[in-house]
Ligand SMILES: Nc1ncnc2c1ncn2[C@@H]1O[C@H](COP(=O)(O)OP(=O)(O)O)[C@@H](O)[C@H]1O
Ligand SMILES: O=C(O)C1=C[C@@H](OP(=O)(O)O)[C@@H](O)[C@H](O)C1
Ligand SMILES: [Mg+2]
């Protein structure tokens, strides 16, 4: 396997979790863009948003994706907003195989409620916030080479399907 594999998708669709198991199944390194940013900055995502704002976070995200897209074979898991910049979408499409994970809004609510680490989902009316963000991002995930609904599916099942589709691609 020569190319990088990018996992994209809305928050809570399982990118980070699936990515870990996919990387180990494919025996390639895993880089989670958010975790790499946190390591480099020495502060959490909520701290970056609170101190410097979303626009600054997006700059860090594009810089990190640029580095990862130029690296060796790997599974690269992105944050849900990585698709906002056309520059990021182009870069991912050009430098790897892009898998989009999806889930129903009810499933996303179950997965992300009580998690304080997503600044865009804090402050109440979780389902309303998710629907509004999904509306604002409509169409932006559609450049993926493969889309997969993760609702009600086990990690092993999801990883198995991605590995199978990759070998057929
Ligand atoms: N297929 C799945 N079924 C049930 N729970 C899942 C599944 N995939 C991920 N999760 C859970 O959902 C939460 C969000 O997953 P995460 O990998 O952080 O999503 P993302 O990186 O897309 O925001 C985590 O608690 C994770 O354990
Ligand atoms: O969708 C977004 O704008 C974001 C998604 C998060 O990553 P996950 O999709 O892994 O939760 C993280 O990058 C940040 O909180 C912003
Ligand atoms: Mg994640």
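Glycine too: its Cβ is placed from the backbone N, Cα and C atoms.
Whatever TrEMBL says is automated annotation, not expert-curated.
Small disclaimer: the values here were computed from a predicted structure and weren't measured.
Residue 15 (ATP binding site) falls within a helical segment according to DSSP. Using a 10 Å Cβ-Cβ cutoff, residue 15 (ATP binding site) registers 29 neighbours. What TrEMBL lists as ATP binding site is 12, 13, 14, 15, 16, 17, 118, 153.
Summarising the annotation, TrEMBL assigns Mg(2+) binding site to 16.
Reduced to three states, the DSSP call for residue 80 (substrate binding site) is coil. Sequence-distant neighbours of residue 80 (substrate binding site): residues of the same chain at least 6 apart with a C-beta under 8 Å from its C-beta are 8, 9, 10, 11, 12, 13, 15. What TrEMBL lists as substrate binding site is 34, 58, 80, 137.
Within the same chain, residues at least six positions away from residue 17 (ATP binding site) with a Cβ under 8 Å of its Cβ are 155. Listed binding-site residues: 13, 16, 17, 137. Those with a CB atom under 6 Å from ligand 3: 16.
Residues listed for ATP, 12, 13, 14, 15, 16, 17, 118, 153, cover a largest CA to CA span of 23 Å.
For ligand 1, the binding-site residues lying close by, meaning a CB under 6 A from one of its atoms, are 16; the full candidate list was 16, 58, 137.
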